[in-house]
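J.: According to TrEMBL, the record shows the following:
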type	residues	note
DOMAIN	B:18-123	domain 'PurM-like N-terminal'
BINDING	B:Asp20, B:Ser30, B:Asp61	Mg(2+) 4 binding site
BINDING	B:Asp20, B:Asp61, B:Asp191	Mg(2+) 3 binding site
BINDING	B:Asp32, B:Asp61	Mg(2+) 2 binding site
BINDING	B:Asp32, B:Asp109	Mg(2+) 1 binding site
BINDING	B:His39, B:Glu226	substrate binding site
BINDING	B:Gly108, B:Asp109, B:Arg132, B:Ser193	ATP binding site
BINDING	B:Asp194	Mg(2+) 5 binding site
2 protein chains.
Amino acid sequence: MNKEEYFINQFSNKKIIGDDGAFIDGFVYSMDAFFENVHFKKEWMNLKQIAYKSMIVNISDAIVMNAKPIYALLSVAIPKTYSEKDLIDLSKGFKKAAKEFGIEIIGGDTISNEKLDISVTIISKTSNPIYRNGVKKGDLLCYTGTLGLSKADLEKLLKNKEISKKSKFIKPVLNPDFFYEISPYITASMDISDGLFFELERLSKASNVGFEFFYNIDEEIGTSGEEYEILFSFNEKNLEKIKKIALKHKIKLNIFAKAIKGKYRTDCKNHHF
Amino acid sequence: MNKEEYFINQFSNKKIIGDDGAFIDGFVYSMDAFFENVHFKKEWMNLKQIAYKSMIVNISDAIVMNAKPIYALLSVAIPKTYSEKDLIDLSKGFKKAAKEFGIEIIGGDTISNEKLDISVTIISKTSNPIYRNGVKKGDLLCYTGTLGLSKADLEKLLKNKEISKKSKFIKPVLNPDFFYEISPYITASMDISDGLFFELERLSKASNVGFEFFYNIDEEIGTSGEEYEILFSFNEKNLEKIKKIALKHKIKLNIFAKAIKGKYRTDCKNHHF
């Protein structure tokens, strides 16, 4: 058990905390940290991109629970050295994400700090939350898009190499419309923030199932984090419906496994930079 | 305008952000940071006390808006050096505050970091929120308890001197029952986190009034922060009712000014450590 899990286990309602957000009475509450030298280095992105990404990784949590984000609170620790222009750039990033997803920034706190540390709380609404514990034996497992590029880009950054401004590592792309449309036809979902293999471990634990892979998935693909693609499960009878919706939204589907009796564990190491 | 105000002004709904929390549809949302070397030094308090105080300063925001805190989300950045016992101590502090105020910790995020940086989001319920903008000309201004000790204790800590374990600086004391009972009889309220004079500036700005002091308040009293006493205003006709409730809860009232036409500004400097 890692430190994070250990700490979380100190609180009673593990089930709720284990999901991307907590669903209570029609609302989903989620909160994620986005800290300098933990999640990003300031050389890697400009301030607008950093603020934008800090919002997007949180909004992603809401979407994969089938919730529509409505409000955000921001805790922003700002280096004393930042200029007024820096603050405007930061606020532009927050506002861009808020506007894109129809979110109102309703409050928060700003303080002076050694480095830029952001925590974002998102309040979302849903009448039909989707959890991690809904995978049924026989369900098909699918992830969207292409995995691997975020890890490759992170490795470039760690070697002080340049990456494309369009890299998902800098600007994750969420697909809320696709997700909301498939939501009636799926049984469980989560976003891929730490890497497919690690998310599958969580899904296995939450739903008490194992997975039979249809093909081998390379480590470079399975351990690529910060992808913000969607991992979901569904009953085979809904395959055609989901394929049709994916085609409409131009989303690539990768149906890679079937849920079986058992338990899934990966031997790969989950290494943050 | 300081950096914090400047940054906050980047967002549209200043009115909401200006209050201790944002009131929307029966809920109050508030979020505050509690960072090592910004709000505390680790030599000053043990981990349980730090976690407890990080909750209490947030719960205080909810109470002074006349809201009952129900849920909390925690973003906790934890030094890599912390042991399992350290994590248990931290969680004990969070749980102690949660239990005391009937709050359920529903989620959040934990990460590894250089220092202990906590952000807390509190979700509260109220049918009658009390704002900072409700002071009417002629209202009496009052604060609870005794001010000055937190500043004196902070100054001792900065000189590496010991302070009492019972110091409000280490363990702020909130008086929710007193506050909820006077709430029908008051016009505006906020907690004293930065110091009476600075809170009065905010109250003056929000309510568009000035203050006529009944007596001189020393700088040591008026600039003492982290007191978490309550500053509130009320119509003189409710004086006896409020006095009676204060007597019942053993709360000291300091009725120190009357709201008048004008604007209040302090010349004192708001210095954090």
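Backbone N, Cα and C atoms are what each Cβ position is placed from, and that goes for glycine too.
All annotation found in TrEMBL is predicted automatically rather than curated by experts.
Show me how these features fit into the shown structure, please.
T.: For the domain 'PurM-like N-terminal' (B:18-123), the mean pLDDT of the prediction comes to 93.
Same-chain residues at least 6 positions away in sequence with a Cβ under 8 Å from that of B:Asp20 (Mg(2+) 4 binding site) are, in sequence order, B:Ser30, B:Ser60, B:Asp61, B:Ala62, B:Val64, B:Met65, B:Arg132, B:Met190, B:Asp191.
DSSP assigns B:Asp61 (Mg(2+) 4 binding site) to a helix.
Around the Cβ of B:Asp32 (Mg(2+) 2 binding site), a 10 Å sphere holds 26 further Cβ atoms from the protein chains shown.
Sequence-distant contacts of B:His39 (substrate binding site), defined as residues of its own chain at least six apart whose C-beta falls under 8 angstroms from its C-beta, comprise B:Ala33. Under the DSSP three-state reduction, B:His39 (substrate binding site) is assigned to coil, being neither helix nor strand.
Around B:Ser193 (ATP binding site), taking its Cβ as the centre, 20 other Cβ atoms fall within 10 Å, counting all chains.
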J.: Binding-site residues B:Asp32, B:Arg132, B:Asp191, B:Ser193: which sit with Cβ under 8 Å of a chain A Cβ?
T.: B:Asp32
J.: Drop a 10 Å sphere on every Cβ of the binding-site residues B:Asp61, B:Asp194 and tell me which sphere holds the fewest other Cβ atoms.
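T.: Relative to the other binding-site residues in B:Asp61, B:Asp194, B:Asp194 has the fewest Cβ atoms within 10 Å.
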J.: Among B:Gly108, B:Asp109, B:Arg132, B:Ser193, listed as contacts of ATP, what is the widest Cα spread in Å, to the nearest whole number?
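T.: Taking every pair of listed residues, the largest Cα separation comes to 31 Å.
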J.: Should B:Gly108 (ATP binding site) be counted as helix, strand, or coil on the basis of DSSP?
T.: strand
J.: Counting Cβ atoms within 10 Å across all protein chains shown, which of the binding-site residues B:Asp109, B:Asp191, B:Glu226 comes out on top?
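T.: Ranked by Cβ atoms within 10 Å, first place goes to B:Asp191.
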J.: How many other Cβ atoms are found within 10 Å of the Cβ atom of B:Ser30 (Mg(2+) 4 binding site), counting all protein chains shown?
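T.: I get 28 for this one.
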J.: For B:Glu226 (substrate binding site) and B:Asp109 (Mg(2+) 1 binding site), what Cα-Cα distance in Å is obtained after rounding to a whole number?
T.: 26
J.: Quick check on the binding-site residues: of B:Gly108, B:Arg132, whose CB has the lowest count of neighbouring CB atoms inside 10 Å?
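T.: Counting other Cβ atoms within 10 Å of each of the binding-site residues B:Gly108, B:Arg132 gives the minimum at B:Arg132.
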